[in-house]
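This report concerns only the one structure given below.
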Amino acid sequence: MASSAPEQAGTSAETQPRQPIWLRCEKKPFEHRSALTPTTAKTLIDNNFEVFVERDPQRIFDDEEFEAVGCKLVPNNEWPSAPVEVPIIGLKELPESTDPLPHTHIQFAHCYKQQGGWADVLRRFREGKGTLYDLEFLEDPKTKRRVAAFGFHAGFAGAAAGALALAAQQKDGGKGVLKGLKPYKNEQAMVAEVSEALKTVQGGKENVKVLVIGALGRCGSGAVDLFRKAGLPEDNIVKWDMAETAKGGPFQEILDVDIFVNCIYLSQPIPKFITSEFMAQAGDARKLAVVVDVSCDTTNPHNPIPIYDVNTTFPEPTVEVDTKGVGRRCTVVSIDHLPTLLPREASEQFSKDLLPTILSLPQRTTEPVWTNAEKLFKQKLEEARVQDEKNGIKA
């Protein structure tokens with residue numbers, strides 16, 4: 001039975017006020033993951049949190065799973081009406097709007113690296129006097145590493161999508177196109193399908209060669225793990241990281257494999273890995289047929305893979321590369337929420353890693369993981385204000 005939103009964020013005066021947190025629904029199409037799971041929600045409740053969960057038929061976890069552990073269910077997309085002191089947690093960015101944002105939001109906002117529309121997003125926070133704690137920038141103050149990331153599952157799922165795209169591409173006389181990716185029940189089901197698909201590739205899986213850039217990171221290790229489990233010979237899995245890319249691209253080695261998986265974290269401008277012109281120059285000697293850009297810096301002005309300009313989707317997972325009419329076809333997978341292909345496993349791992357940080361939310365004015373994130377938010381807020389002034393938009 002659904003509960004209404006709290007009138008006040010707390011409990012009776014006889015007990016310590018509970019810390020409220022509101023899990024919003026996801027509005028991005030085909031996004032099935034969740035920032036909180038029934039497991040982590042129960043831990044929060046056991047530690048004096050009050051957890052509100054919006055009903056969401058798209059979420060991998062049933063509403064009843066949350067209700068069973070003590071969460072209070074509220075209507076879908078009700079968060080704009082939540083008390084302003086209640087932090088709102090979600091995963092993907094909010095739908096485009098000009099509505100001011102007065103709440104505290106914990107989410108991936110994709111607006112700190114001057115991505116498309118970045119200033120518009122931050123303007124909403126400035127006008128609403130809200131706060132953004134971007135999940136991408138919640139970092140352990142000692143290690144400087146993100147406290148939680150979907151990296152491993154992003155790489156794992158991205159590699160799977162790339163392998164399926166390669167197999168599909170060789171159908172229909174080389175005109176085949178991968179269609180309709182859907183979430184898998186579990187990792188085993190994904191690996192089984194990929195393994196079978198690679199058997200249909202010309203020469204079999206023993207003839208498939210792949211290159212993973214960023215192989216030492218969480219994302220890259222996930223991609224390598226998928227290829228191994230799908231049965232590719234170890235020698236066919238080329239693993240690069242910063243040492244190999246230090247010489248600067250474009251890289252001939254990328255053109256010499258069937259599948260290239262980009263798993264880097266782009267924090268500053270770097271030389272391009274490949275370009276359409278570079279691919280065309282290789283002519284018929286180019287082996288490269290599929291690029292998986294897990295990093296998905298599509299609208300980033302420093303994107304090192306400027307051979308495409310749109311994000312792809314689960315219904316339409318690939319986009320064609322303009323090869324200047326030279327050599328074999330090449331397609332790009334550029335889905336920006338790949339881990340949702342394994343929604344339950346990815347959510348459980350991410351939420352478990354995020355849990356210690358969320359447990360410290362009541363101390364967010366003093367805990368470095370939160371204060372550092374807020375400092376960065378204010379810095380980006382000012383950058384957006386300056387950008388608006390340049391564009392003639394009044395603050």
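Cβ coordinates come from backbone N, Cα and C, glycine included.
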**Residues flagged as region 'Disordered' in TrEMBL, choosing from 1-21, 22-42, 358-378** = 1-21
**Asked** Cys263 pairs with which of Cys219, Cys330 in a disulfide, per TrEMBL?
**Response** Cys219
**Request:** Please list, for the domain 'Alanine dehydrogenase/pyridine nucleotide transhydrogenase N-terminal' (22-157), how many residues fall into helix, strand and coil according to DSSP.
**Result:** 39 helix, 23 strand, 74 coil
**Message:** What whole-number Å value do you get for the CA-CA distance of His110 (active site, proton donor) and Asp336 (NAD(+) binding site)?
**Reply:** 11
**Asked** How does the model score the domain 'Alanine dehydrogenase/pyridine nucleotide transhydrogenase N-terminal' (22-157) in terms of mean pLDDT?
**Response** 96
**Request:** To the nearest whole angstrom, state the Cα distance for the pair Val294 (NAD(+) binding site) and Cys263 (disulfide bond).
**Result:** 6
